[in-house]
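Data first, discussion second: the structure below is written as structure tokens.
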Ligand SMILES: [Zn+2]
């Protein structure tokens, strides 16, 4: 089924419900930068936690790290970013608009017809100066990817973690790219978060590991509730492969604005470790303690963007449901494991006996799920508020509860209601949140 979600409506829901805001909005906004509100940051945290769980904690041969954002500038020479990570740009001499040369036809500005400057390279890395003096010797960059820190620390992690090849190092963190045309809401932004795994293998076993990770990653998207028919795997053609890659496949999602990359899984050969060996002068080879084999490991990389996945989760879950004439509900059909509120608890009326029981239930559930307590407005309105942020379960305490020790549980997608006894509620909700 084609994704026909209206992006404008999704953006406006995100603003209205505290999911995502434009950065620095009171000053007119900051292009390509976004802030996650109270609901959005829980959703984002869930995405990261479920990735970490699946990639790191569920593998005994993957460990994590958390590197600094500013690193030695030689790292970006070794990686090829200083030389290659750039677009060729032209500026309009009249209106000063900047264009990627491969994005414009003809030789004058499509906006005003003005003349272009000579084409020049525009590096996508954000440059800064470290220390008190702003000279060439103090130049540093905000990292454009998290991967290089992993390669630079490969030996340190290997020697301190008692791992043997094949093993992986994973990292989640911010990266920065001075994109000329940030667009499609949070799809392409200048400051974003990445979840990257660099998996080190013996040459010759690389294709098998590559296939393992492609399959594993696709399954993860299914587990967090993305519709399988809107996901596809697209192998890169030879001429679009990055200079370091032996092969690469993209996991793509069908957004309302077309098929777009969510994640790249690349066979990077021994390019990165060899480069760092050359530039740092430190040996990057691995000697297996049991087989005695000695080699520079090859790397299978999985590289996903957190913000993009959050957008995917939202766009995939959004529905405007026509219920009856004059009655349309906005609902996010989020999988319970990623929902920013997993269970909402209401007293049917604002009466002390009901409030007390409802608060007690919330306190109990809080240890097992993300909860929200709401006593404002009619029960119907409260349901709709929760539907808009994708809360899968609502629990209502009424006068009968005081007699039968049971509550009404209402399911977001079917809108059906069931009576459930209080002593079963924690185990029922916990089961539903299983990942
Ligand atoms: Zn112009």
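All residue numbers here begin at 1 and follow the chain in the order shown.
For all residues, glycine too, the Cβ spot is worked out from N, Cα and C.
Listed in TrEMBL:
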type    : residues                                                   : note
BINDING : 100, 145, 192, 193, 194, 195, 196, 301, 302, 303, 304, 305 : substrate binding site
BINDING : 177-179, 187-192, 261-262, 305-308                         : ATP binding site
DOMAIN  : 6-336                                                      : domain 'Aminoacyl-transfer RNA synthetases class-II family profile'
For this session: With H, G and I counted as helix, E and B as strand and the rest as coil, say where DSSP puts residue 306 (ATP binding site).
Result: helix
For this session: Compare the C-alpha of residue 179 (ATP binding site) with the C-alpha of each of the binding-site residues 196, 302, 304, and give the closest one.
Result: 304
Problem set entry | residue 179 (ATP binding site) CB neighbourhood, other CB atoms within 10 A | 16
Problem set entry | Rounded mean pLDDT for the residues that make up the domain 'Aminoacyl-transfer RNA synthetases class-II family profile' (6-336) | 94
Problem set entry | Distant-in-sequence Cβ neighbours of residue 262 (ATP binding site), under 8 Å, six or more positions away | 221, 231, 250, 251, 252, 253, 304, 305, 308, 309, 312
Seminar exercise, completed: Minimal Cβ count within 10 Å, across the binding-site residues 100, 177, 188, 190, 308, points to 100
Seminar exercise, completed: One should report the C-alpha separation between residue 100 (substrate binding site) and residue 306 (ATP binding site), rounded to whole angstrom, as 26
